[in-house]
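Visitor: Annotations per TrEMBL:
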type	residues	note
ACT_SITE	135	active site, nucleophile
ACT_SITE	304	active site
ACT_SITE	334	active site
BINDING	204, 335	substrate binding site
DOMAIN	33-337	domain 'AB hydrolase-1'
Ligand SMILES: CC(=O)SCCNC(=O)CCNC(=O)[C@H](O)C(C)(C)COP(=O)(O)OP(=O)(O)OC[C@H]1O[C@@H](n2cnc3c(N)ncnc32)[C@H](O)[C@@H]1OP(=O)(O)O
Ligand SMILES: N[C@@H](CCO)C(=O)O
């Protein structure tokens, strides 16, 4: 969906922005049943099975008869500005016809939300019944409530705090550096040549370790050798075989490299680094304390070592009224907001999606 030109928060300008999106269900006559779902860093618009039978990343939450019942709600998922799942991003053609590449401007979470508001206008949605997301999707959902409180009746923020922390920024920096230092990166203008796959793969490895937990990795892999490999062997370190956990990380890296653009990865990572709900709005309490029009649902993953539950508690405390932090209990870590979201079914149903 074309949403026009965007003057960006940090000063850049995009003359024509297209947002990739998917929908499920039917918008009702007074457009009161619309739900926006915001994807995380490398997520796509494919939240749930729909027209295509391909698995979605939140099938447990969205679908016919699910927590967000697509027979009752009209669900929309939009790709972030700068992403590589249908929205204008660095691989898209600039006005001169060549890919934007290194010229693509810095985009913030707030910029994307402003573009998404235009998508809502075009779809005839004045006010969302609810906006939900986890991780970067949670940052986007929270930004919706802060930027457009009158358009956000309910807001669910999972596995995300009010601002990116020093440690989150630090991990992001290491990932971005890995991509930029790949000889194929070419300053971001690699389209038409080999892509910086090694750098993107390293970035994913760093990220993925943080998306899981130490006990999970220990339990699943321990010191086991990958099948038919000998991790303790080979006269030089580079000649040795892999531990199973190394093979697992290699696989996660390959999987991401096969579906994601490195420039988009940098862009979205930097957008998440910019996440700070208070920027330009005063203190945290000044930024969030007045959001009386919106009902909030905050959730954390108990074993999350990237977006700590304490950060969700601080966010909840800054919101008006008494907002509970719901807990997803899993040894898995941050990815629990994807793998174990079904645990929120009862609480979310009661809070936001009561069955008639
Ligand atoms: C079009 C799109 O795909 S859009 C993307 C949508 N996805 C998202 O938005 C989130 C991105 N996805 C993710 O982060 C993850 O895939 C999750 C969190 C959803 C899934 O996590 P889990 O179900 O716990 O899977 P996990 O991370 O353990 O990985 C399992 C994979 O590792 C592989 N694996 C396990 N052990 C090893 C090993 N020793 N060596 C190599 N591979 C291994 C498995 O075979 C499995 O492969 P598969 O994914 O092809 O089935
Ligand atoms: N595994 C998720 C986690 C990000 O928070 C992703 O890749 O988007």
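Just so it is clear, glycine is given a Cβ too, placed from its N, Cα and C backbone atoms.
Just so you know, TrEMBL annotations are computer predictions that nobody has curated.
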Visitor: Enumerate in sequence order the recorded positions 135, 204, 304, 334, 335 whose Cβ-atom distance to ligand 1 is under 6 angstroms.
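Guide: Near ligand 1, sequence order: 335.
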Visitor: So among 135, 204, 334, 335, all listed as recorded positions, which is physically nearest to residue 304 (active site)? Use the C-alpha atoms.
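Guide: In terms of Cα distance, residue 304 (active site) lies closest to 334.
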Visitor: How many whole Å apart are the CA atoms of residue 135 (active site, nucleophile) and residue 334 (active site)?
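Guide: Distance between the two Cα atoms comes out at 8 Å.
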Visitor: Measure from the CA atom of residue 334 (active site) to the CA atom of residue 204 (substrate binding site) and give the result in Å, rounded to a whole number.
Guide: 14
Visitor: Any idea what DSSP makes of residue 204 (substrate binding site), helix, strand or coil?
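Guide: Where residue 204 (substrate binding site) sits, the three-state DSSP reduction gives helix.
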Visitor: Using a 10 angstroms cut-off on Cβ to Cβ distances, just flag whichever of 304, 335 is the loneliest among these recorded positions.
Guide: 335
Visitor: Based on a Cβ-to-ligand 2 distance below 6 Å, what subset of the recorded positions 204, 304, 335 would you report?
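Guide: Cβ < 6 Å from ligand 2, in sequence order: 335.
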Visitor: Determine the Cβ neighbour count for residue 204 (substrate binding site): the number of other Cβ atoms within 10 Å of its Cβ.
Guide: 24
Visitor: Which chain-mates of residue 334 (active site) that are at least 6 residues away have a CB under 8 A from its CB, listed by sequence?
Guide: 135, 159, 210, 211, 212, 301, 304, 305, 306, 307
Visitor: Measure from the Cβ of residue 135 (active site, nucleophile) and count the other Cβ atoms within 10 Å, all protein chains considered.
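Guide: I get 27 for this one.
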